[in-house]
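Enquirer: Quick paste of what TrEMBL says about this protein:
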| type | residues | note |
| --- | --- | --- |
| TRANSMEM | 12-32 | transmembrane segment |
| BINDING | Arg40, Arg51, Arg58, Ser96, Asp98 | alpha-D-mannose 1-phosphate binding site |
| BINDING | Asp126, Phe138, Asp140, Thr143 | Mg(2+) binding site |
Amino acid sequence: MSKDSLMPEFFVIFSILSNFLSIFCLVNQFFFRGTFIEFRNGMLNVSPIGRSCSQEERVEFYELDKKEHIREKFVADLRREFAGKGLTFSIGGQISFDVFPDGWDKRYCLGIVANDGYKTIHFFGDKTMPGGNDYEIFTDSRTEGHSVTSPEDTRRICEELFFK
């Protein structure tokens, strides 16, 4: 692979990182902890408060985010800025959102397990609303989606489905 063949991807990533950093400057927050942008296999994970926050700070940010829609606004800005670039921005968990190539969401696995002969595939997720990182697989016609709020909720539904 030549240096020239990597340049378009480099500039897209550089542009994304520059955009992230400029938006971070606009976020009115009272704590920042650790890594904000984490490179993972096939994706970037972005946490406006940082991945090293304590559990207490995580909960505090999550409650603030529910009121102020920090990640939702962040993602909306990025979707506008990078429209047509083949990227998906998806909110997940309590403190972050993901950036990955279009088509690389949680549905990717469905093409693999389809060959295993399963008649029904149940999916359980907490971010099943539009823009959440579970939305695409939750609404996919190949799955039976279940929106849950906790491990106990997942267990309850599994017991109802499989043990009654």
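Just so it is clear, glycine is given a Cβ too, placed from its N, Cα and C backbone atoms.
Relative to the rest of the structure, where do these features sit?
Expert: Reduced to three states, the DSSP call for Asp98 (alpha-D-mannose 1-phosphate binding site) is strand.
All protein chains considered, the CB of Phe138 (Mg(2+) binding site) has 22 other CB atoms within 10 Å. Look at Phe138 (Mg(2+) binding site): DSSP puts it in a helix.
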Enquirer: Distance between Phe138 (Mg(2+) binding site) and Arg51 (alpha-D-mannose 1-phosphate binding site) at the Cα atoms, whole Å?
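Expert: Cα-Cα, rounded: 26 Å.
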Enquirer: Between Arg40 (alpha-D-mannose 1-phosphate binding site) and Asp126 (Mg(2+) binding site), what is the CA-CA distance rounded to a whole number of Å?
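Expert: About 21 Å separate the Cα atoms of these two residues.
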Enquirer: Roughly how many Å lie between the Cα atoms of Ser96 (alpha-D-mannose 1-phosphate binding site) and Thr143 (Mg(2+) binding site), rounded to a whole value?
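Expert: Each residue's Cα considered, Ser96 (alpha-D-mannose 1-phosphate binding site) and Thr143 (Mg(2+) binding site) end up 25 Å apart.
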